[in-house]
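Peer 1: Okay, here's the structure, questions in a sec.
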């Protein structure tokens, strides 16, 4: 047994992690790092393409660039520290580092959830009111949508970080997770945190179910509009417009609701760790692939970029 188990740690916490040093876990760690690399490169590339190509300077792609920025920050919040601890054999994280992880994680997950909900409204306007789309989704509205998503997430993250980090923590301070996940951290508090946990649950309900209700309402209206279309080509275009967003929504909300909206007696640390890997690493990797591989405009921008690089290298 490692020496840190028999010591108390007053300046920070110990992260028990998700991987041991068995052969199977080494393979899984390699897979997670490969996924992390793809997520990093994919989101950076998508942001770059949207910024560089004038044809992608539309509301939908502006929202997509913000989503990619959130995903990029999300994978960089927890995975590098997890990898550093695993490779070095150290399991510690400083008190300040733990607080930063909590604040960033809550902020980014909350902001992304709200943005995905408001992106559904954008799809609704594009399909149900195409003639009024440039007016209803002008630059000011787009900035308000993304700004409100970031603002709600930042406020939520700051409040929860300050409250959680002001609780007294006892004993060995071993967090049964691969990052400073708030609910795992609260189990180590020396005081009763049940009231705050109820507040967290209420925040999760708002930050997840409120945008999810916008998504359901938007797609209900979209479905009504699509059913009234008589052209097969119009059907295909409408479904293609929505399919990428629906896939991203299913991945993100499925994992987030599984963790944060389950009754407490159904929670298991091992399940939470796997679900956290899913939407902190896998979803950020899949989002740029979903939105680019199934989108002609993004693929066209990528081909033009590659052609420019090839021509430049020949000269």
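FYI, residue positions are counted from 1 along the chain as it appears here.
Backbone N, Cα and C atoms are what each Cβ position is placed from, and that goes for glycine too.
Values in this document were obtained by computation on a predicted structure and should not be read as measured data.
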Peer 1: Quick check on residue 268 and residue 88: does Swiss-Prot annotate them with the same topological domain, i.e. the same side of the membrane?
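Peer 2: That holds: Swiss-Prot puts them on one side.
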Peer 1: Which one of these stretches, 3-26, 27-50, shows up in Swiss-Prot as transmembrane segment?
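Peer 2: Comparing 3-26, 27-50 with Swiss-Prot, transmembrane segment matches 27-50.
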Peer 1: Please identify the range among 102-121, 162-181 that Swiss-Prot labels transmembrane segment.
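Peer 2: The range carrying the transmembrane segment annotation in Swiss-Prot is 102-121.
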Peer 1: So if I measure Cβ to Cβ from residue 98 (disulfide bond) and keep only same-chain residues at least 6 apart in sequence, which ones fall under 8 Å?
Peer 2: 12, 13, 165, 175, 180, 185
Peer 1: Which bits of the chain, at least 6 residues beyond where the topological domain 'Cytoplasmic' (51-58) starts or stops, bring a Cβ under 8 A of a Cβ in it?
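Peer 2: For the topological domain 'Cytoplasmic' (51-58), the list is 65, 297-298, 300-301, 304-305.
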Peer 1: Counting by DSSP secondary structure, give me helix, strand and coil numbers for the topological domain 'Extracellular' (160-196).
Peer 2: 14 helix, 4 strand, 19 coil
